[in-house]
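Here's the structure we're looking at; comments come further down.
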Amino acid sequence: MALYTEKSMEKTTALDPVSVPLNSRVLIEASAGTGKTYTIASLYLRLLLQAGQPAAHNFARPLRVEQILVVTFTEAATQELKARIRERIQRAKALLNIYRRQGDKAIFRNTDNAMLETLVDELDIGLAVERLNIAERNMDMAAIYTIHGFCRRMLMQYAFHSGIHFDLELVADESELIERFCAEFWRENFYPQPLQIARFIHRHFISPQQVMAEIRPYVYGDMLKIETQHGSLLNLSLQEFFEGYLLRGQQALDQLKAAWLAQAEDIERLILEEIGRDYKKGEKKRLKRRVFNSSNPPKWLREMKDWAQNSYETALPEKGIKYFSQQALIDYAEEGAEPIYHPLFEQLDNVRESLADTELYRKLILAHYIRGVRAKLLDYKLKHKEKSFEDLLHLFKQALYARSGDELADAVRHRYPFAMIDEFQDTDNNQYQIFHKLYMGAPTNAEIPTGFLMIGDPKQAIYRFRGADIFTYLKASRQAALRLTLGLNYRSHQDLLKAVNGLFDFSLHAPFLYKGIGFEPVGNGKKLSPFMDNGQKAAAFDFYLGDETQAARCCAQSIARWLKDAAQNNTGFGGEQELVPLQPKDIAVLVRNRYEAAEIRKALLAYDIPSVYLSDDSNVFDAGEAKDLLLILNACLNPLNERNILNAIATSTFSLTAQDIHHIKHSEKDWEQWVERFLHYQRIWRYQGVLAMLHRLFMREAIVQRLIGSAEGERRVTDLFHLAELLQQAAATNENEAALVHWLEAQIQGENRTDAQRIRLESERQLVRVVTVHKSKGLEYPLVWLPFIAKGVKTPSRRDISTYYDKAREAIHWDMDNQHQEQRDKESLAEEMRLLYVALTRAKYHISFVLPTQFEKQWNALLYALTQGEIGETRGLDGTYQSRPLLEALGRRIGEQNLRIMAFDGEEEIAALTEEIRPPLLEGEYFNLNIERDWRVLGFTALARMHEQKSSGMLASSEPLSGVDFYAFSEQGEYAGEERNNFSLAADNMSPEGQQESRFQDYPPGFSPVDFPHGIYVGNALHRYFEKYAFGPVAEEGIQSLCHTLQLAQEWQAPLAQWLENIRSHPLAEVGIALKDLAPSDYLQEMQFYLKLSRNLKIGEFNRLLQQYHPLYCRDWQLEEIKGMIRGFMDLVFRHGGKYYIADYKSNLLGMSPQHYGKDVLQQGMQNNQYDLQYLLYTLALHRYLGTRDSNYCYRRDFGGVYYLFLRGMNGREEEYGVFYTKPDERLIEALDALF
């Protein structure tokens, strides 16, 4: 056991943010609540200002925000760090400005920038303020990233050094890919095997999904190093292992079963006759009677016979080995007696040797499985551009340690001279090797000065299951030039700090089992008012002693008592005079897993105390509501099917009784009403979408009202609305209602799931929080309950992939033979201690526990702390430990007033919370009949319709349109203009002969573009073709799909292919290229935009601008004053010659000859159909977008113009037909930008 003495601990120094050397390699150990983020922000300020004392500890030069690398481990943490640093910069700048005016250093005191009081004398205030101004303006460029985000940026930025293509695609979740490879390996290696091996595989691996769950952590990074005495078996191919070992053993097993069944009566007679034999006094018995008595052997023999008859059993029975192997029978004979002998007993011994260790065989197969899946994954990655987060780490590390790695490291250090790594205790070896190469191992004589700071807390390293490696932290700690600690806690009350310090401040043994992880008591940095419990100052720790099975009830009863006393203003925070009553949201119950969470929530519900589980990562499609919605959607899809409707209304979502359903089914009138209701829902679905339909159904059927009052009602309602949103999003990529139902079925079955599908919190309003210890890390709660903290640790299964850290080789090894159980136990128990520390440092005021009256059998982290490490480092306990004496000893160390010990027998009952203290239900806002209806989202179609209606007097100015324009959100609405043909056809007066001569001559009669069907449906179909197949060679699949969609005869296929080829080859005026010449990287299709109107659009001013600058102006637009947003889709945005262009497809039938698609006719049609307004909106939207993406953007130089492509007139040769081109006046666009 590691001893914990001052000499054995590595030396640390208390941190002073003013004097931390920023030109060195520094490790900062930040205990819970000691201001880690504050420290990072303070050092960040020093780097910006190049300030500090002594000056030798400053960085060599002031740095910009884009030169200071800060790496943390979650996106949320990066955003929090950015916000906190930005705030510190803003406040520091404000204080420096005040100091410049007043010259009084006192203004810095008691602020988060107090260090400036020490530094201000060495600063040029004007220069410092300017540097902070620049930093504040550029915070969006601050280099604050996750580890994966940093690696990706470096790979892309230095692609030449890293050898990575620019177009890699980042895949956040590769579960589907890994599951696919697990299934492939299963099929390729297990399907061809004979029955005996297939039986073994089924028994020990069950399915590819089960294997995936076991091997998933080991398919990335370096191959897991395997330590085994059976290396020769590991070196065989899987097939050789199957044939040479596993098959031979299983065949021997089958032979033994057959022999046993054949000779079962002989064996039974042999054993029972021996048991029944009457021995003379002093005669040695062949079977010891204390084991082979008259009752046990018949039972064992029956079990052996059952085993032999079970063809699926792949291992020897324990009873058989223990009692019926020849070696066992020799041992069970009395000394001097002749053992019972039978060839079957000897055969059993031989089979046992041939089977060897079943678990070893299983692990060997797992090792082959890991290798096989890794090989498949590597092969896939070499052929595809998708990369996972783990790939980014591996590729960047690989690049750094390649031949040109030193050049790459120099380039990164030049870009980021200083780096800070937050949460460093969660770093693994691969991550550390990256930063070691960049900073820790950087040459000291480098031309570019660098600094490196690691900040974390080894006591909070609790993510071993994710690959975090505490031994990497300890190695980095030894390699750091300086170790500093943060010594003051700003989170917890001073009494609670004293209690936690007393629990972990060991005198002899190492509190966290490894001597490199020490515990230094922290001081109080912030004075807090106490927590008052029923009018008395509460102790820091409350311990309830009793039956562990009643832990959840004890916890719930204690919380109920708190809340009842709080309702009477007796329990809360702040002292007797200014008591702030305790609220349910002030209480957190910390648990290990969802099973403990469910137990606690059930116990709380018995006291009418609502709670929320904050660690639920379940998928919403696993909820029962998903299956209910599937049945409901099926009924809406086909409401004339009786079974569909019955299935829907029988779901728990409708909450109808069996009697209700029976009545509906047998009442003709009621049944017709239900059919009409579902027909109505079907119509809403078709014309307004699935979300609108479900919202209407929830309201009409009073779903929410019925569910909300039930147990878990709030959870169920949240899931229903979440599912409705996901269905609406999926509807955009599913072509019809039936496809959407199939999509929902696939999601329920677990296909292609995403993070967006994780269940949402139902509410946090005045609810007790239930959260896992892992998820609570980094958070704080006023009061914490730990009802299950005294549970003993579980013994790991021999089937697990058991790893341990090999200190000599500094690597994680798979202990396949279980030869390092002691080391593995120590690592596991050490993490239990770290979990305990995290749990005990979440509270601000108070912690409550449930403990058994005595600990026995299994090791427990809290018991280890209470005994100061005396129970040792093995999973089993040598004896029993009474809780009360241990707690009394703790009370003497921390002060008896800081600890209460109470018995809990479960007999005391507290009435459920009364109505007056139950958290108030949410109430709807009072409806005052005043709805703001002039804010809306409009599309071009709605604007054109508004103009037509106002022009014809159909729309009164006092009757504005509804708030959201349906057509702005429908694909049909986008192309609806193609149905209107307000073109004044200049060629209409041509003679029939002239028209005939001018017809399209390149196509068979009756199959030209003007003979092609027309209308909205046709326009939609053509748009979908271009969106899917773009401008590459005409796709036969696409032609067939178009003909099928539009129900065209087969004769149309060739003419249609010719027409589409002409479209893609048609020359475009101004640019001199055709659509087919565009590279995929130079265009975007269906680019959606929202034009936000900054104020009410004044239509008079709008018309004046058109009249002044618009060459196609021919009318005043008749519109209401608009407030809200204008939405649309640009069919095509492309780039050519450094300019950006807009293109819009039009399938309007303008006439039967090419002349109907000439320039003059198109211009007149553009005006008549109001397309000139449409392209002005498109141009304004793209103008605004480009301005946000390129700070040097210039409309005159960078915007090329607008094309309207009238598809029926595009013949592939003559640019004057079928194409309308214009570039709006720059003055008009700038004026519209200001107006809008």
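Each Cβ is built from the backbone N, Cα and C atoms, and glycine gets one as well.
The annotation region 'DNA-binding and helicase activity, interacts with RecC' is assigned in TrEMBL to 1-907.
The domain 'UvrD-like helicase ATP-binding' annotation in TrEMBL covers 9-493. Across the domain 'UvrD-like helicase ATP-binding' (9-493), the model assigns an average pLDDT of 86.
Take the CB of Thr37 (ATP binding site) and look out to 10 A: across all protein chains shown you find 18 other CB atoms. Positions annotated as ATP binding site by TrEMBL: Ala30, Ser31, Ala32, Gly33, Thr34, Gly35, Lys36, Thr37.
As annotated by TrEMBL, domain 'UvrD-like helicase C-terminal' applies to 507-778.
Positions annotated as region 'Nuclease activity, interacts with RecD and RecA' by TrEMBL: 934-1236.
The Mg(2+) binding site feature in TrEMBL is assigned to His1023, Asp1131, Asp1144. Its Cβ placed at the centre, Asp1131 (Mg(2+) binding site) has 21 other Cβ atoms within 10 Å.
In this view, Asp1144 (Mg(2+) binding site) is surrounded by 19 other Cβ atoms within 10 Å of its Cβ, with every protein chain counted. The active site, for nuclease activity feature in TrEMBL is assigned to Asp1144.
Counting every protein chain shown, the Cβ of Ala32 (ATP binding site) has 21 other Cβ atoms within 10 Å.
Taking Cα separation as the measure, Lys36 (ATP binding site) is nearest to Asp1131 of the binding-site residues His1023, Asp1131, Asp1144. Ranked by CA distance from Thr34 (ATP binding site), the binding-site residues His1023, Asp1131, Asp1144 have Asp1131 at the top as the closest. Of His1023, Asp1131, Asp1144, all annotated as binding-site residues, the residue with the shortest Cα distance to Gly35 (ATP binding site) is Asp1131. Secondary structure from DSSP puts Ala32 (ATP binding site) in coil.
Nearest Cα neighbour of Gly33 (ATP binding site) among the listed binding-site residues (His1023, Asp1131, Asp1144): Asp1131.
Ranking the binding-site residues Ala30, Ser31, Thr37 by Cα distance from His1023 (Mg(2+) binding site) puts Thr37 first.
The DSSP secondary structure for Asp1131 (Mg(2+) binding site) is strand. In the three-state DSSP scheme, Asp1144 (Mg(2+) binding site) is classed as strand. Considering only the binding-site residues Ala30, Ser31, Ala32, Thr37, the residue whose Cα is spatially closest to the Cα of Asp1131 (Mg(2+) binding site) is Thr37.
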